[in-house]
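A.B. asks: Below you will find the structure I want to go over with you.
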Amino acid sequence: MSDVEHGQDGLPPDEDTVAGATGPEHEAQEAPEGEDEYLDDEDDYEDDEEEGDGTPLAPMRCGFVALVGAPNAGKSTLLNAAVGSKVSIVSPKVQTTRSRVLGIGMHDRAQILFVDLPGIFTPKKRLERAMVAAAWSGAEEADLVAVLVDASRRVDDDTNGIIQRLKDSKRQAILILNKIDLIPYERLLELAARFNETGVFTDIFMISALTGDGLKDFLDKLAARLPEGPWLFPEDQLSDMPQRLLAAEITREKLFLQLHQELPYAVAVETEAWEEFEDGSVKISQIVYVQRPNQKAIVLGKGGSKIKSIGAAARVELEEILDRRVHVMLFVKVREDWAEKPDSYSQWGLDFNA
Ligand SMILES: Nc1nc2c(ncn2[C@@H]2O[C@H](COP(=O)(O)OP(=O)(O)OP(=O)(O)O)[C@@H](O)[C@H]2O)c(=O)[nH]1
Ligand SMILES: [Mg+2]
């Protein structure tokens with residue numbers, strides 16, 4: 001008996017959806033191989049550049065800013081807000097982000113390369129270990145580290161652990177007290193004073209990644225602090241994530257939003273086929289892996305209703321991102337050991353043996 005069943009996003013795309021669009025400006029692209037590859041104008045990076053009125057331009061700056069923090073602190077929300085577009089998936093559940101996600105933000109004359117990372121917590125399973133290891137190596141490789149804290153909650157062991165490790169490695173960081181839309185200002189001042197005592201933080205920002213409050217000050221600071229140097233990516237590029245992976249992430253976000261309890265953690269998504277048609281539409285076929293047959297039944301839902309609704313939500317968002325008609329075909333497959341297969345890890349850029 002086959003363990004594959006499909007739940008197609010049965011809703012036909014609306015006829016008035018733009019067809020044959022040439023693709024969005026912000027199409028995700030592969031990472032550049034050479035730093036200079038995208039600098040179509042070498043003169044861009046010269047000290048004597050001037051504004052029209054003769055004022056010398058500020059130097060170009062570029063660097064990596066790692067976003068670290070406990071799960072659910074709002075790292076991916078901040079990344080999307082800073083880039084001005086949805087690049088990394090977000091959900092109210094912990095451990096949504098599983099691997100490093102690059103988001104490219106332009107601010108003044110700086111190209112800020114935000115590295116969204118999985119939350120840092122005490123890992124138990126292999127996948128969790130790989131996620132946390134990716135988060136720490138992302139932090140180690142970055143020019144600047146920003147630690148996000150959910151200011152609306154009690155300071156937890158995960159956050160204390162992050163601060164301790166930064167302290168031990170004598171690494172300084174920027175603190176971001178996030179979700180300030182949820183708490184009174186007095187509480188923020190208390191928190192800031194407490195974190196200040198740790199000696200780890202060079203700056204403290206209070207922001208709401210959700211509303212954008214305080215974001216500009218933070219970006220101004222980053223733009224001024226990054227090293228001088230040419231931009232590594234074209235100005236209009238938003239991420240380095242390949243489209244197939246982005247599409248799988250969007251579907252995984254819908255699974256996180258529509259499934260409950262432990263189920264989202266038993267799920268992985270892989271884009272299996274990507275077919276483009278002459279009318280400009282694209283058919284994206286994906287496999288949703290679950291670990292047990294009863295999980296498959298829940299993901300499918302009664303008469304396939306759940307998987308249909310997940311596929312429809314993914315389609316709506318992918319049509320917006322790709323700016324074309326999209327068909328999403330989802331197949332649910334039981335693969336007990338997907339979290340124990342090295343090939344899944346390499347696809348996500350995670351270390352299987354972390
Ligand atoms: N009210 C409020 N909610 C926020 C804010 N920032 C993020 N959130 C919410 O917090 C939840 C978690 O946000 P994410 O951006 O997925 O958090 P994360 O740190 O990337 O989480 P992991 O990937 O699991 O580590 C989501 O429901 C967000 O909408 C904020 O400033 N205010
Ligand atoms: Mg995240």
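Positions of Cβ are set from backbone N, Cα and C atoms, glycine also.
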A.B. asks: From 95-99, 290-294, which range did TrEMBL mark with region 'G2'?
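C.D. replies: My reading of TrEMBL: the region 'G2' range is 95-99.
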A.B. asks: When TrEMBL marks a stretch as region 'G3', which of 116-119, 184-187, 276-279, 344-347 is it?
C.D. replies: 116-119
A.B. asks: Quick check on the annotations: TrEMBL lists region 'G4' for one of 178-181, 210-213, 270-273, 306-309. Which range is it?
C.D. replies: 178-181
A.B. asks: I need to check the long-range neighbours of the region 'G2' (95-99): which residues 6 or more away from its ends have a CB within less than 8 Å of a CB in the stretch?
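C.D. replies: Sequence-remote neighbours of the region 'G2' (95-99) are 71-72, 75-76, 88-89, 116-119, 121, 127-128, 131, 134, 253, 256, 265, 348-350.
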A.B. asks: Using a 10 Å radius around its CB, how many other CB atoms surround P71 (GTP binding site)?
C.D. replies: 20
A.B. asks: Could you tell me which of these binding-site residues, A73, I180, has the fewest other Cβ atoms within 10 Å of its Cβ?
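C.D. replies: I180, out of the binding-site residues A73, I180, has the fewest neighbouring Cβ atoms within 10 Å.
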A.B. asks: Tell me whether K75 (GTP binding site) sits in a helix, a strand or coil according to DSSP.
C.D. replies: helix
